[in-house]
Amino acid sequence: MASREEVLALQAEVAQREEELNSLKQKLASALLAEQEPQPERLVPVSPLPPKAALSRDEILRYSRQLVLPELGVHGQLRLGTACVLIVGCGGLGCPLAQYLAAAGVGRLGLVDYDVVEMSNLARQVLHGEALAGQAKAFSAAASLRRLNSAVECVPYTQALTPATALDLVRRYDVVADCSDNVPTRYLVNDACVLAGRPLVSASALRFEGQITVYHYDGGPCYRCIFPQPPPAETVTNCADGGVLGVVTGVLGCLQALEVLKIAAGLGPSYSGSLLLFDALRGHFRSIRLRSRRLDCAACGERPTVTDLLDYEAFCGSSATDKCRSLQLLSPEERVSVTDYKRLLDSGAFHLLLDVRPQVEVDICRLPHALHIPLKHLERRDAESLKLLKEAIWEEKQGTQEGAAVPIYVICKLGNDSQKAVKILQSLSAAQELDPLTVRDVVGGLMAWAAKIDGTFPQY
């Protein structure tokens, strides 16, 4: 059995090694940061890539396994070497897409992403690493791709794609890949591709499912042909809200890379006019035919009305971001900050905290004093859940003055579902299915609690 002195010595050595490791990590981050910023950001590449007459000896060796494919051959590889591909979004889809395009020898990759690397990205965004957390995704991706294939020109764009810049940028590239995660950007990229005459390889992934198609190519429909009007903003779920398995984005990103390579090499796409659906849980792929190009399409029809790029956030009624949306369903009087709720909790005042997140999120983390009833149970007026809520209210009421209402505070992850729950509880109280209630939601939810109240509380 080790003596106390040996334990202390080992603890001291571990602390010293951890300090050395942290120092090495800082040096690595500095080195990677220096590598990824060799040039200032340019709005557009300065010149087209020159044509290539032949492959070098090194290129023949590097691409030998795909060169011997009769469908590709030397001619196809030469076309790849002069192709310029614009990738909108360097996240779960854009990372594997860019990785395989660089490996295949595509001449230039434009990398558009205004966001920075976060730890929550690393489970699926495989070009980024821990050492570059907080750095621009476009620069991080460019640095990784240069290490993979130094012959590929990588052009990072760290500003968000906007109606003022999109068309000029798209015109400088041969093929565009939409790897975004929001509806306004999808319409923006589609309209820019139609106006510039560029094919658009589009994919999306959510939870265990994904889909891919090619728009505006070889007489096929554009995005507006299929979706003339955007969906209601409150019906749209992104990866931050609904979650996604990293492997699913990897599969769809690889399929995007395949379509881009076939277009760039002159082989033609598989999914122009069709949509490939992927169900990861069942392991199924299914292809469905899309409607043909609409002659009355606002973008690509015979008499288009979209002749310039417009305000897509206003058109869609939502922000051009993949971040979680912040709903505003309640008045300020019906909401409290996490700081005010913490003050109430510390005072010992009688109240009930209702957590309306799904069970899978409660399994990740929770406040121990909260009653858990998922929002879906409230939406369908689940009898058992309402009984549980009534019992909890009654128990809390025993400590108050007779007849006093027990205030209910509703919390969720971000403060969106909690507002919906407040509305439901108010309607139940108005319909006398519950006793008269004072209900408020906690602004920002548990993520605000983690950021402002308890730094040890898990964020997800």
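Our numbering is plain: 1 for the first residue shown, then up by one each step along the chain.
Glycine residues also receive a Cβ, built from the backbone N, Cα and C atoms like all the rest.
Not measured: the values here are computed from a predicted model.
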Cysteine persulfide per Swiss-Prot (candidates: Cys154, Cys222, Cys300, Cys412): Cys412
Listed in Swiss-Prot for the ATP site shared with Gly92, Ser120, Asn121, Leu122, Ala123, Arg124, Lys137, Asp181, Asn182, one of Asp113, Asp191: Asp113
Local confidence of the domain 'Rhodanese' (347-458) - pLDDT mean: 93
Alpha-carbon distance [Leu122 (ATP binding site); Cys297 (Zn(2+) binding site)] in Å: 39
Cys239 (active site, glycyl thioester intermediate): tally of other CB atoms within 10 A of its CB: 21
Least surrounded among the recorded positions, given as Leu122, Cys222, Cys225, Cys316, Cys412, when other CB atoms within 10 Å are counted: Leu122
From recorded positions Cys222, Cys239, Cys300, the one whose Cα lies nearest Cys412 (active site, cysteine persulfide intermediate): Cys239
